Amino acid sequence: MKEYDSLVIGGGPAGVTAALYLLRSGMTVAFTEMLSPGGQLLMTEEIENYPGFPKGIKGYELADLLAAHLEGYHYDKYMDTVKTIEHSPKGNKVLIGDEWVLARTIIICSGAKYKKLGLPNEERLIGRGISYCALCDGNFFRGQTVGVVGGGNSALEESLYLSKLVKKLHLIHRRDDFRATKCVQEKVCIIPDIDIIRSSVVTAIHGDDNLTGVTVKNTKTGDENFLALDGLFIFVGYEPVKEFYPAGLKTDNSGFIITDTEMVTNMPGIFAAGDCRSKNCRQVATAVGDGATAANSAFHYLETN
Amino acid sequence: MAVQVTDSNFEAEILKSNIPALVDFWAPWCGPCRAMGPVIDELAAEFEGKVRIAKMNVDENPATPSKYGIRAIPTIILFKNGEVVEQITGAVSKSSIKDMISQKALG
């Protein structure tokens, strides 16, 4: 069985930064990412708020640059998912794909994934009208009518992107006010092809082979209406990727890992960084900071244990 | 490396393949597709001679994706004797694709 000072789980900004700092302090490192590095950066068209890129940068370009920063360092990369972590004070046995490894410390940077609405037909119609990525699938709905569900930054930014492609966009939001930042809201409100349906929720998804529409319910009046759609894009928030968390790891009610300000969890030798951590601000900038802090904590833990 | 197929050679390379074939429908502007790229290439090496692993750029080849009703990418379709036996939409792990291949194509 291979043995490492540290195992970094996840190849988004937090994981890449943690790996970089560990490698630079001379630790032996294994790094797991089931896809290519970048995480949610790869789902983002433009990053406008990461310092150092005043003109903005494409999500995939930043992802490539992050990955390039690890070139030249020696570490083991596993392109697979972590299935189990067996924790003991002496170290951790971890099953990656079908291989067991030993890790004295673990930094969990597994990030978050989009939430589903949880309605019947949703799963079945993914790829048949339902999508969670405007950047990927917007092109298939050129000149058509689509719905967007949500009121946060993702929902509004993706609506802006989609509005350039589609004929008509219905933005369905359960509240009156949007959570998205002001500058994004202002852009959305002036586009005539975006029809904003406030205080409303999707209660049913319709379609046999392909999506045909949704039932929208006004939460104030209780009225329900059928809305014919070619596509439905769902952006109702994120949940942590947590299937492999070791038993006993302390999380908040939504499953995000609770740490102190040094990224230390309740389990000795296990640290967490980035979007999988319980916190309020989930940004590339905060993920990078978490990653560096977690690596520093892991380094000190290894020195003293 | 996975082989790139086109609308014009799709029938010969995939539908008339003498072994099962897996096609990854992707586009250069799609982040999750870029994320899947290296996974597909690793699978191509692992299943060489047993399953033909291919990629199709949906921007350059609109006919085939439209024929299979593809409205989201990445979409991975597994073919056996010219028929669709399984379809996955969205970026997924290498092990889940391997499981699909062993159950539906080689099982």
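Just so you know, glycine gets a Cβ as well, placed from its N, Cα and C.
TrEMBL annotations: computationally assigned, not manually curated.
When other Cβ atoms within 10 Å of the Cβ of B:Cys30 (active site, nucleophile) are tallied across all protein chains shown, the result is 26. What TrEMBL lists as active site, nucleophile is B:Cys30 (among others).
The active site, nucleophile annotation in TrEMBL covers B:Cys33 (among others). Within 10 Å of the C-beta of B:Cys33 (active site, nucleophile) there are 25 other C-beta atoms, taking all protein chains into account.
What TrEMBL records for B:Cys30-B:Cys33 is disulfide bond. The secondary structure of B:Cys33 (active site, nucleophile), as reduced to three states from DSSP, is helical.
Among the features that TrEMBL reports, domain 'Thioredoxin' is placed at B:1-106. When the domain 'Thioredoxin' (B:1-106) is classified with DSSP, helix, strand and coil residues number 39 helix, 27 strand, 40 coil.
Per TrEMBL, site 'Deprotonates C-terminal active site Cys' is recorded for B:Asp24. Around B:Asp24 (site 'Deprotonates C-terminal active site Cys'), the same-chain residues at least 6 positions away in sequence with a Cβ under 8 Å from its Cβ are B:Ala2, B:Cys33, B:Met36, B:Ile40, B:Ile53, B:Ala54, B:Lys55, B:Met56, B:Pro74, B:Thr75, B:Ile76.
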Field: recorded positions, contacting chain A; criterion Cβ under 8 Å; candidates B:Asp24, B:Cys30, B:Cys33
entry: B:Cys30, B:Cys33
